[in-house]
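Below is one structure, written out as structure tokens; comments come after it.
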């Protein structure tokens with residue numbers, strides 16, 4: 001179905017977010033999120049984290065302020081109780097609700113302006129200041145831990161790893177390949193990087209069962225192999241379209257009529273933080289260009305330095321390509337370029353010898 005205005009639903013967006021919704025939870029299942037409260041707090045949005053940060057401190061100050069007010073009231077320290085001149089209060093200068101709140105804030109934040117001070121007259125006040133100090137330390141540790149975890153989240157490192165907007169199908173080293181380009185925008189390496197893919201499609205089993213999200217493994221590799229990528233510069237990864245590939249039955253004129261989504265994953269460990277992260281993206285049939293190849297982006301200057309031109313990162317050029325994988329493997333010389341696929345006239349070829357167009361690593 002490729003009607004005008006029809007928007008194909010995708011499970012994984014181009015920036016890696018999963019487009020899936022859970023429903024009909026049993027009520028008891030919601031308590032599982034409370035039991036795993038740490039993960040729940042780390043995963044919620046920043047606006048809610050900041051709200052909880054402010055609310056937790058403000059509420060604790062107010063609650064303990066009420067308790068200090070109650071202690072002062074029981075001891076007859078408040079102004080409206082008209083204490084005698086020789087009266088010894090539990091806390092000096094706590095004579096109302098406002099001053100009780102200020103003393104609570106000063107105690108929990110260890111400010112100690114000196115205007116209000118605890119006396120040893122009331123054992124309850126001594127116990128309360130110990131309790132508030134411990135509660136304040138716990139709140140400080142928890143909220144600082146949540147904020148630090150969100151700031152250092154591996155998802156942030158994944159933002160500096162990008163995939164090409166389109167995938168291409170073209171000959172490479174005597175085979176027909178589906179190629180994708182990926183780049184690490186930081187100079188720090190991703191250690192132990194591995195890339196793999198899943199082809200999601202709806203299939204019908206011989207028993208007549210319809211599988212909405214059938215997953216087929218898609219192997220990607222480089223010229224040097226498929227394990228432990230040396231991810232210091234942009235790489236072009238390719239999947240060989242042979243008889244075992246799910247793309248073998250497709251052709252240039254039927255590709256856009258297919259119903260599938262190619263999800264690509266890259267797993268690795270950040271060299272600077274030793275934290276593992278995963279980067280995801282997806283390609284639908286309209287984002288796979290048959291008969292094109294990526295422009296080169298790596299060159300070497302006269303000074304012997306390697307340069308990367310990111311303006312060419314997603315740009316392609318047409319190349320002679322067979323009409324279908326069967327033609328490529330079985331019909332000799334049948335390697336023409338067809339423009340029945342996605343032709344993108346916006347792509348421009350940039351001369352790599354022009355130093356003004358190069359991006360220095």
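Keep in mind that glycine also has a Cβ here, set from the backbone N, Cα and C atoms.
Per TrEMBL, domain 'Potassium channel inwardly rectifying transmembrane' is recorded for 12-154. Mapped onto DSSP classes, the domain 'Potassium channel inwardly rectifying transmembrane' (12-154) shows 90 helix, 4 strand, 49 coil.
What TrEMBL records for 48-71 (among others) is transmembrane segment. Among residues of the same chain six or more beyond the transmembrane segment (48-71), those with a C-beta under 8 A of the stretch's C-beta atoms are 41, 78, 90-91, 94, 96-97, 100-105, 107-108, 122, 124-125, 128, 132, 135-136, 139, 143, 146-147, 150.
Residues or ranges marked as transmembrane segment by TrEMBL: 125-148 (among others).
Marked as domain 'Inward rectifier potassium channel C-terminal' by TrEMBL: 161-328.
Residues or ranges marked as region 'Disordered' by TrEMBL: 336-361.
Here the domain 'Inward rectifier potassium channel C-terminal' (161-328) returns a mean pLDDT of 85 for the predicted model.
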